Amino acid sequence: MKIELLTTPADAAEVRIEEQIRPARMEDFTGQQRLTDNLKVFISAARMREEALDHVLLSGPPGLGKTTLAHIIAAEMGSSIRATSGPLLDKAGNLAGLLTGLKRGDVLFIDEIHRMPPAVEEYLYSAMEDFRIDIMIDSGPSARAVQLKIEPFTLVGATTRSGLLTSPLRARFGINSRFDYYSPDLLEGIVMRASGILSIGIDQDAASEIAGRSRGTPRIANRLLRRARDFAQVEKAAVISRRIAMKTLECLDIDEEGLDDMDKKIMDTIVNRFSGGPVGVASLAVSVGEEQDTIEEVYEPYLIQAGYLSRTPRGRVATRQALLRFSDGSVSRHTGGLFDADGNLS
């Protein structure tokens with residue numbers, strides 16, 4: 001399988017490590033059982049018919065394996081994959097260049113597909129449905145559209161915010177799969193597998209501790225494992241023990257529920273500065289010094305999953321569970337009787 005990356009790479013060493021850890025085939029992919037079982041059927045049927053796989057939309061919080069699965073789909077189809085992202089496709093001409101370069105059965109992977117400009121998105125419609133695109137020749141009064149046929153291909157789109165996709169685009173995906181957070185047991189297995197690939201031993205208790213604080217997210221579990229490996233190597237330890245894992249998590253300020261410094265800052269701000277809410281996400285972003293998109297795509301999904309935050313039409317609201325944990329007692333007069341005169345939840 002040929003892979004061509006069109007996105008700007010992160011640190012080269014980190015990219016190489018990610019590629020080492022990333023499963024290459026469907027049988028190596030952990031979790032999302034119903035999703036992968038269905039994909040196996042769809043891929044097998046497409047190969048039997050010698051057709052391109054139908055277009056696939058992968059949605060869900062970041063770090064759950066959408067990019068990995070896109071590469072696996074290409075591998076299972078025996079196809080090449082070209083990868084880019086929505087923000088990079090700022091002009092229809094950029095997309096046209098990609099589409100005309102595809103061979104029969106190739107996979108085009110667009111990460112953050114919800115961030116494509118509307119004009120570029122509309123350009124995809126005929127490509128997805130009829131495998132053709134219209135190219136404008138010349139300009140002004142002599143401008144004319146020329147129709148070009150392109151090879152049948154599979155578009156795999158990944159999004160953390162499927163609600164931002166337009167209905168016409170969403171309707172053109174024949175396969176729509178949503179990722180769920182992973183259980184601690186599955187994450188423990190992922191950590192154990194990754195430690196073997198990274199050539200570092202790890203105790204099961206240490207793997208369990210890392211898995212339990214990984215927010216249900218394999219990417220975070222693998223990142224925490226790499227940082228624990230750093231601590232182990234500095235201590236000249238051949239195995240990551242539970243003590244080393246705990247030291248790593250403490251130094252990174254990650255608590256028992258996987259909340260980090262920014263999670264706590266967000267909740268502390270909502271509970272104590274905005275009296276439990278509601279507060280608009282724009283105001284919240286300014287208050288904590290973080291980008292609005294980052295709050296919505298990275299932090300909020302897990303805080304909602306963990307039961308600390310609710311989204312309402314009026315803004316973000318802290319739950320009773322959040323008030324119990326994060327209140328400093330200063331919001332008693334603002335929270336509708338949830339607190340007594342001593343600042344305790346009534």
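Every residue gets a Cβ built from N, Cα and C, even glycine.
According to Swiss-Prot:
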- 1-182: region 'Large ATPase domain (RuvB-L)' (REGION)
- I21, R22, G63, K66, T67, T68, E129, D130, F131, R172, Y182, R219: ATP binding site (BINDING)
- T67: Mg(2+) binding site (BINDING)
- 183-253: region 'Small ATPAse domain (RuvB-S)' (REGION)
- 256-346: region 'Head domain (RuvB-H)' (REGION)
- R311, R316: DNA binding site (BINDING)
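A map of Swiss-Prot features onto the structure.
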residue	record	DSSP (3 states)
I21	ATP binding site	helix
G63	ATP binding site	coil
E129	ATP binding site	helix
Y182	ATP binding site	coil
R311	DNA binding site	strand
R316	DNA binding site	strand
| Nonlocal neighbours by CB distance (under 8 Å) for F131 (ATP binding site), same chain, sequence gap 6 or more | K149, I150, E151, P152, F153
| said: Looking at the binding-site residues listed here (G63, T67, E129), whose Cα lies nearest to that of R311 (DNA binding site)? | reply: G63
| request: Sorry to bug you, but what's the C-alpha spacing from I21 (ATP binding site) to R316 (DNA binding site), rounded to the closest Å? | output: 36
| note | For the region 'Head domain (RuvB-H)' (256-346), the DSSP residue counts stand at 45 helix, 11 strand, 35 coil
| remark: CB contacts under 8 angstroms to E129 (ATP binding site), restricted to the same chain and 6+ apart in sequence, sorted by sequence, are R172
| For G63 (ATP binding site), which residues in the same chain are close in space, meaning a Cβ under 8 Å from its Cβ, but six or more apart along the sequence? | T217, P218, R219, I220
| request: Please work out the mean pLDDT for the residues of the region 'Large ATPase domain (RuvB-L)' (1-182). | output: 84
